[in-house]
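In what follows, a single structure is set out as structure tokens and then discussed.
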């Protein structure tokens, strides 16, 4: 029986009165026990009992949960709680106010259009935004998370337009942006949402028409302002690339159509700028239509803090205003934290005054959110805490190279038991609820709540499995529970393991899907067992009389073998998933796991995984640190790599053999280390940390010896730069000017009297090649100094252009160019040939975080930038127009090239240094979709064409160590096709600029454009060279044109197939040159007799007479033609009699449309590439019975093109992810390659962790 509560006297003060009133409320609810209240409120019985105990005032969240559980009025009790809180604080009670009066601050949530009367501080930016919207029909508003984009758009732009009588519509994309668009347009048009959705899904141009129709009854100048807030959801929440592309196309067309009545504004988080760049239409539309939302100025913050309070009849202490401005000025992403801290301070106001004391009680902008979240979470009972944890994890979208973001989900996805916790978290303004959905109030909560960050770090891999399970569940239900959509194999094993460890995290729908998948697997296994059992029974029946004893032995052996095989298969499937997960972070271990799995279970799945394992760069990791790394560098001779860490150590390795590094020495110091550098002669190394920089004699790098000290005299040193001759050093001092040291005698450095002033707390420095010019970071600018006379430094020019602090800089080897990286996620190149008048050369984008490290290759051909777990490599053939040449995994804080420019050293965020041979990368980079790839006939040269308008030439004599050649940049539009002549001396390239160019590539180091053709009928979508190289076929949007290119300098038109007026997306000559196959909208015009190319004649093609047949390639003997389809089907057609083609077979396996198909030179294999992101290789030696050989995975977007190398050992593929990948299809070669590059070797401990119950064995020679 529960104990009776201690009696209270309502006359004992405000606290007792409050507790008495709470007890009365419980009595009015029927006196439920506190255990019963706990189940409804999701706070423990102890917390609820203490709330009415009269000893201390409960938190507001606990009070409201108590009230709701007793069916009281939350608004009324919130007023009571604030009255008591004010009285207990010794202040006058707050002025009486109407219950419906809102707080003047919105907390973590964004301002809405209805909040315009309390939206202050952004008047200037709102005015600029209105002007830009009037000037541009499509505008992108970019800013960091928490910079106030949503509030600016809703309470600023939308409110102003609506106040002027304009039509506005605000949407967020969600997982299905077309559906969201239809739902919000329905009230405007008066049409049902399902019908609108069908119209939008039919044609992107229909959005424009729907808006025009909705505005028919209004004035001619009436327009709709369509605001797409949180546009980054099309990349994080929408998982269908086709719908994403369709939605973007609809927006662009609606804004840019000739009769447009729509103005589109996109609110985009800045770290998704690069994602926008993957959509060419969007790139063009945003080229001059961008607005960057930066941090508020001090005066803007003052207005945002004080003006809402004044409108609410309150005042703000001057000390509080000053403190808030000091805490927030210049910080990106801090506005929701400010708003939340102000809301909490308002709850703690004294009368009508917001005080500094109340602000400090909240924890300030840095801790108010986490303190609120921790208080609410800690007050929940254990069951409620489990629900809350799963809610926050489910509501967070994991970043892939970007920060984690919030994720909106439908409330119907959640179990009903979570509703009380939802309301509690919403009351605390941690979540935002509406009728159908729930989301985290702001991404600032993800960044600022350590407990949530810890959950995300701890459960990241499990979260990905859970998120994929949720998406699969939705697909299964959308397909009417199709058994074919159930999980099987590796995915089911991963989901089963997740459910075993996190059963409570699954929703009812997810449990139903998983149970159905497990039941299907059990049924399949039972069927297999029954078949095996029947077979064993038959054998036993036939042999029981003669071999009874033998049968018993054989049965036992089979049972043991079957059990072992099943165990091995289960272990291998999990290990395949583990290898894929660590492919980027720990490539050496990933490669060896893939090899071990193939040797353990050499089946199709493990073979595919093994062949795909080398698809990412596999740099060697240098480890041993116990803290985060700060910086790494090569010695001048490139034989030694060194790195420093916050764990107070510096480590040196011998990297003469990049795949077998050997640790030489470890230096331990008293302070965390932040930077290191070598002198040009390699004899001296400096390590920087704490109040000094120590000089080390590394003549023998295995035995470094301290040789000198640069003393900070009580100030922290943050950076040291050596002059090229090693006789002068510049040391950056925190909160002070840069100091100069004479190192003529390194054992006794002498500080010079001259100093280099700076206004920012600290920054990097670098010397130019001549040793006279120094570049020094000073906040958002870089200052140039002439140190020809170190005793009298002369200030020269300033490099200004970054928005925010410059994080990194470097000089080019010739000293004429400076590269910088900034907090604005951009890198810039500057011409400093005239230091007094430097000028900007180029701005480089695409990095999704602060650019912490930049560097030039010693040969001056490449510029590297890093900061977001990738290193972007830029070709500097034209420094005013650098081109992205590749992207390498790893890299956060620093990047360095070896002296030969072939190796790259980067620090990552996993306490390791990554060493990569740039000539061994398995991929070649473009800046946009790769549309066509082609090997030269001798296999030494590879051409790749891209939508970035370029054709890259690459020397691939050894595909494992390729070499970049000149890039062809003459085309002004997307490059859609490339093809070599049979002798390899001529390259044809086709583009949507309307031309096909002809290049002499006899000397691929110096390609020469010798001619071009222009069909005068639109873009060149495809081309094909006849085997003798004398005739070129081009496919355009208006048909096919045949050209005589016997003299490439003077090509002439031969003919156009008659009656051909539709698009030709592909043209292919047969090997004998007598037949031309075309892909177009008219299946009757598929095949042409071009024996006389000046008089082509149509040939019959009876297959698929009602649809377009995408043709892709002839077999080398011309007897088989491969065609592809959007449903993933590949067909082989017998062309022995070209007047009577007939289908031989169909290849099934791709899950989405197939884009390309190409035969090997011996005709026995076919390679296909698909929108399902895979490349598949098939055995077609018998074209009537083809079979799948391998599936190659690694591309992150659709694979548009693929082909075999002439020797058949290598497959090349090009993808919409902008990469060209080279795949070795010889298992033995791949095994040897893994053993050559994977270091360190897998240890017995790692083996036991990833391959449990399997005996350890050495995979490769030591």
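A Cβ is built for glycine as well, from the same backbone N, Cα and C atoms used for every other residue.
Marked as domain 'HTH cro/C1-type' by TrEMBL: 21-77. If you look up TrEMBL, you'll see 622-655, 799-833, 844-876, 923-953, 968-1009, 1147-1188, 1192-1233 marked as repeat 'WD'. Annotated transmembrane segment per TrEMBL: 538-557, in sequence order.
With a cut-off of 8 Å on Cβ pairs spaced 6 or more residues apart, the repeat 'WD' (968-1009) and the repeat 'WD' (1147-1188) reach fewer than 3 such pairs and are scored as not touching. If you look at the repeat 'WD' (1192-1233), the same-chain residues 6 or more away from its ends with a CB under 8 A from one of its CBs are 241, 278, 595, 598, 607-608, 610-616, 884, 887, 922-935, 937-939, 942, 944, 946, 948, 952, 954, 956, 959-960, 962, 1152, 1155-1156, 1158-1162, 1165, 1167-1177. Residues of the same chain lying 6 or more positions beyond the ends of the repeat 'WD' (1147-1188) and with a Cβ under 8 Å from any Cβ of it are 241, 604, 1112-1117, 1120, 1122-1132, 1134, 1195-1204, 1206-1208, 1211, 1213, 1215, 1223, 1225. Taken residue by residue, the repeat 'WD' (844-876) breaks down under DSSP into 0 helix, 16 strand, 17 coil. Helix, strand and coil counts from DSSP across the repeat 'WD' (1147-1188) read 0 helix, 21 strand, 21 coil. The list of residues near the repeat 'WD' (844-876) in space but at least 6 beyond its ends in sequence, with Cβ under 8 angstroms from a Cβ of it, reads 271-274, 277, 401-403, 584, 807-814, 817, 819-823, 825-829, 882-901, 904, 906-909, 918, 925, 964, 967. Taken residue by residue, the repeat 'WD' (622-655) breaks down under DSSP into 0 helix, 19 strand, 15 coil.
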